[in-house]
Amino acid sequence: MGCVQCKDKEAAKLTEERDGSLNQSSGYRYGTDPTPQHYPSFGVTSIPNYNNFHAAGGQGLTVFGGVNSSSHTGTLRTRGGTGVTLFVALYDYEARTEDDLSFHKGEKFQILNSSEGDWWEARSLTTGETGYIPSNYVAPVDSIQAEEWYFGKLGRKDAERQLLSFGNPRGTFLIRESETTKGAYSLSIRDWDDMKGDHVKHYKIRKLDNGGYYITTRAQFETLQQLVQHYSERAAGLCCRLVVPCHKGMPRLTDLSVKTKDVWEIPRESLQLIKRLGNGQFGEVWMGTWNGNTKVAIKTLKPGTMSPESFLEEAQIMKKLKHDKLVQLYAVVSEEPIYIVTEYMSKGSLLDFLKDGEGRALKLPNLVDMAAQVAAGMAYIERMNYIHRDLRSANILVGNGLICKIADFGLARLIEDNEYTARQGAKFPIKWTAPEAALYGRFTIKSDVWSFGILLTELVTKGRVPYPGMNNREVLEQVERGYRMPCPQDCPISLHELMIHCWKKDPEERPTFEYLQGFLEDYFTATEPQYQPGENL
């Protein structure tokens with residue numbers, strides 16, 4: 001069954017490896033969305049450096065998940081000397097505009113122009129029609145990217161999150177790029193036993209010099225497809241045989257259409273407000289549609305909340321921030337009342353989710369995982385030299401599968417309301433704000449770290465207001481004198497120690513979000529090997 005070499009010798013144990021440790025937390029990264037996608041590259045110099053440190057430059061992601069320092073050129077590789085690579089649809093897609101093509105999973109395309117990055121001009125071989133298609137909905141025919149089980153540049157933690165989703169049986173699996181070894185892959189499998197219950201095991205797939213693949217040298221394969229076929233028929237030393245590929249969620253689009261990619265000021269008439277989701281100090285949030293067919297979230301701001309000119313300038317930066325733990329900005333209406341159009345998150349704010357929703361029943365592992373997701377998004381903001389300024393559970397949105405995304409980043413500094421700009425006014429979130437920011441207006445990524453520590457208390461207390469029994473003035477005075485919130489009930493000491501670390505008086509002594517992400521992702525697994533040795537491999 002595709003096995004190139006099988007040697008009759010004692011099974012070799014796979015080397016236990018780790019991608020890193022808590023002291024090397026840079027190895028801990030969330031990958032892109034399950035289907036690799038191309039984001040046009042942009043230099044971080046286009047985003048003002050609000051912090052006093054230098055971050056690494058941004059890189060473009062190639063369309064199949066690799067890293068490239070420049071954006072996609074539009075040149076397609078050839079196959080068989082034909083000069084044309086055919087692509088196949090991985091999902092159904094319904095056209096949003098007259099420029100798009102609707103298509104069904106399995107439909108094949110000839111790509112006519114791929115210079116638009118996220119949107120390619122294509123001709124359907126089924127209908128003969130031409131139009132734009134989202135590039136992360138297709139893959140080359142017969143490539144591993146077209147396989148149901150291939151998830152590309154997906155991080156270890158996100159792989160576990162997807163495999164452990166409700167409804168996946170033991171033996172659900174996926175293959176992803178290795179985070180540590182270039183050219184290698186990782187096989188991740190959902191397993192179960194009496195001691196651990198449901199959990200995920202990871203096996204490294206190594207590449208031979210001649211192009212083959214193996215988990216153990218006893219069984220080598222010419223292709224990943226042959227490897228999957230082999231282990232689908234027998235466990236052969238794995239924790240169990242491969243039963244079914246993990247379900248891929250629909251890939252995220254970073255723009256509403258090919259036209260709004262560059263021209264994302266849209267007419268108010270193209271938006272329909274359908275259901276009010278929330279009402280805040282500065283406006284409302286609605287579930288709505290764009291063009292009558294695309295579900296979006298629409299934040300409407302009260303006139304006078306911020307200058308339209310300042311907002312548009314900030315939105316130029318916000319639009320460039322693209323990460324799967326940040327709520328994606330799609331478009332704006334910049335004339336008052338200002339409308340901000342973003343991706344829709346079905347479960348609403350984390351605060352409401354914890355207090356009144358499904359979040360009331362969540363246990364510590366789920367809560368720590370949600371904190372890790374927020375830290376991952378903030379680590380990206382940290383790398384891009386940006387600042388949130390208003391990080392709290394009310395500004396985190398929740399989607400299906402307990403996915404968390406950061407919203408409203410950067411907007412706080414634009415608010416012109418006197419009750420807010422006074423910083424000690426009634427509308428200012430004193431209880432979440434670092435003392436140097438509340439007293440002197442010194443907002444940096446380190447003041448965001450302080451706020452993250454407060455957000456951790458919201459998670460473990462299921463949405464309790466910080467500093468219970470104290471008003472804003474008392475909080476400012478007590479914190480300046482060195483007071484810090486005690487360990488909440490049922491909160492592990494180690495997690496409270498992390499909060500205290502976030503609340504160091506000297507901002508430079510607070511941890512980075514990169515460290516916080518690694519610590520929280522590994523909170524329950526720090527003593528386990530990164531890769532499984534296998535039993536009889």
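Even glycines carry a Cβ here, placed using N, Cα and C.
Since this is a predicted model, take the numbers as computed values, not measurements.
The phosphoserine annotation in Swiss-Prot covers Ser21, Ser26. Here Swiss-Prot flags 82-143 as domain 'SH3', drawing on sequence analysis. Look at Swiss-Prot and you will find Tyr185, Tyr420, Tyr531, Tyr531 tagged as phosphotyrosine. Positions annotated as domain 'Protein kinase' by Swiss-Prot, on the basis of sequence analysis: 271-524. Annotation source Swiss-Prot lists ATP binding site at Leu277, Gly278, Asn279, Gly280, Gln281, Phe282, Gly283, Glu284, Val285, Lys299.
Overlay of Swiss-Prot feature records on the structure.
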residue: Tyr185; record: phosphotyrosine; CB count, 10 Å: 22
residue: Leu277; record: ATP binding site; CB count, 10 Å: 19
residue: Asn279; record: ATP binding site; CB count, 10 Å: 8
residue: Gly283; record: ATP binding site; CB count, 10 Å: 19
residue: Val285; record: ATP binding site; CB count, 10 Å: 21
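Here the Cα atom of Asn279 (ATP binding site) is found 46 Å from that of Tyr185 (phosphotyrosine). Between the CA atoms of Leu277 (ATP binding site) and Tyr185 (phosphotyrosine) there is a gap of 42 Å, rounded to the nearest whole number. Per-class residue totals from DSSP over the domain 'SH3' (82-143), listed helix then strand then coil: 3 helix, 27 strand, 32 coil. Rounded to a whole number, the C-alpha distance linking Gly283 (ATP binding site) with Tyr185 (phosphotyrosine) is 47 angstrom. Here Tyr185 (phosphotyrosine) is positioned 42 angstrom away from Val285 (ATP binding site), judged by their C-alpha atoms.
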